[in-house]
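Before we start, here is the structure in question, set down as structure tokens.
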Amino acid sequence: MNAEKPPVTHNVDHEEIAKFEAVASRWWDLEGEFKPLHRINPLRLGYIAERSGGLFGKKVLDVGCGGGILAESMAREGATVTGLDMGFEPLQVAKLHALESGIQVDYVQETVEEHAAKHAHQYDVVTCMEMLEHVPDPQSVVRACAQLVKPGGEVFFSTLNRNGKSWLMAVVGAEYILRMVPKGTHDVKKFIKPAELLNWVDQTVLKERHMTGLHYNPITNTFKLGPGVDVNYMVHTTAQVD
């Protein structure tokens, strides 16, 4: 008699999960592997809060929350936050840090597609930051995010453009020269052109409202938002009301 096959978990790259599981204990180390995320988080948070008209009192979902850097900061703004991730260890770190910080965040281990099947149209704001390039089917994630947001609600995506410049800066520069992130963090083949992302958005109820680039200056060691989406970029969309 054949042994039962383990259940299939759709749209999960277990090698990607393993990368982040291995370094999860250092998620909140401001000088560790996740230092860039800590550095850019005020920019991400400010962009999301400003374009959402503030986060206080809103129900927010952070898709691919990892160790909870963005999720916790949105909760500090007065939002009711759910953090979603498929990595067990990052979620344990996120839960412990929230407990130690006295911040309430509901962390859940499941895919965004599974969550959408149970919680359609329940969130005022959905964020999906630096996650699309780590899953086998990013378009499926976009569809699920569109299902989860309320009509008139906000959905934010951030990812990396796919071109020679982004490979040089995000892979060669960030991983091998500046060593800002661990080697192997990114695979340029999984990067997503803005036109591709907007095409997926257009196939849902979402409508693009704004796009901005995230830029790093190695001379001043600073990040800023501004025109130009040839490397890192963020997209703000809203769910259309029938």
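Heads up, the Cβ atoms here are built off N, Cα and C, so glycines get one too.
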Among M129, M211, which residue shares the S-adenosyl-L-methionine site with R44, G64, D85 according to Swiss-Prot?
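Looking at M129, M211, the one Swiss-Prot places in the S-adenosyl-L-methionine site next to R44, G64, D85 is M129.
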Within 10 Å of the Cβ of G64 (S-adenosyl-L-methionine binding site), how many other Cβ atoms are there?
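Excluding its own Cβ, the number within 10 Å is 22.
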